[in-house]
């Protein structure tokens, strides 16, 4: 169960690490449940709270792919099926494929479950990201770099603000992302961006505008995803090429959820307060338990951090790097 590692001492973490219900309603619900079942009750309280929160709120923000996305390129290589609950993208020697959201988002949480290309995926890239348009666009990236059979995917993350990126962190995953679906989430708030994998935080990019660092906060962004050939760089710097005899390569999507503000319909009242009421900003930060989980991932699974690349930054690291250490 996704919440089994929570103890009764970290029930408040559910607002951030469960279904990202970072709002007054979920916090009040957990507090009321604790009061009813007893102060500092057992793990059962936490699990019950998590299950009920997911039941009450999770499905309310689930999206049907027919309603939420457009297949934008690749002809028949992109497909929506199973009543709009599943989507697949494929890549062959002729073309890849992609889709984008119908809505534009400005802050919130985006969840998507992916099952990546199985077998020899070397040379392929499955990208899942938020982006605006234009030369000064903002962007928040997950990119999954394929590899030879039996070798791990590389999860590549990046943040662009006002057209400037080069803020890469890369990770190995602690599971095989081709065997089952796993949830990849972006929490985008005015004070930070959090990348999560199966509800575990793997990266935090803080707003460092006070240090002169641009931060994505004014440009609405759509959700994009694509599967494409990048064998000139994706696997071992381009040394390993795509094996087209294994084509078509296919990635699968399900479980899309968006708890967010949209340009077309505004912010849902249940979530709007968490963006505008300052008293919730502390709660929206990672607490001690979340920071421990983040450090665990970064210690054992991070394989590249631009904030540690002395060859790239011999005259000193970018100013946000000091703030980003947890």
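Using N, Cα and C of the backbone, Cβ positions are placed for all residues, glycine too.
Annotation source TrEMBL lists active site, nucleophile at 139. Residue density at residue 139 (active site, nucleophile): 18 other Cβ atoms are found within 10 A of its Cβ, drawing on all protein chains shown.
Summarising the annotation, TrEMBL assigns active site, proton donor to 143.
Here TrEMBL flags 54-253 as domain 'GH16'.
Applying an 8 A CB threshold to same-chain residues 6+ apart, the list for residue 147 (N-linked glycosylation site) reads 121, 122, 153, 154, 235, 240. For 147, the entry in TrEMBL reads N-linked glycosylation site.
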Within the predicted model, mean pLDDT of the domain 'GH16' (54-253): 94
Other C-beta atoms that fall within 10 angstroms of the C-beta of residue 143 (active site, proton donor): 19
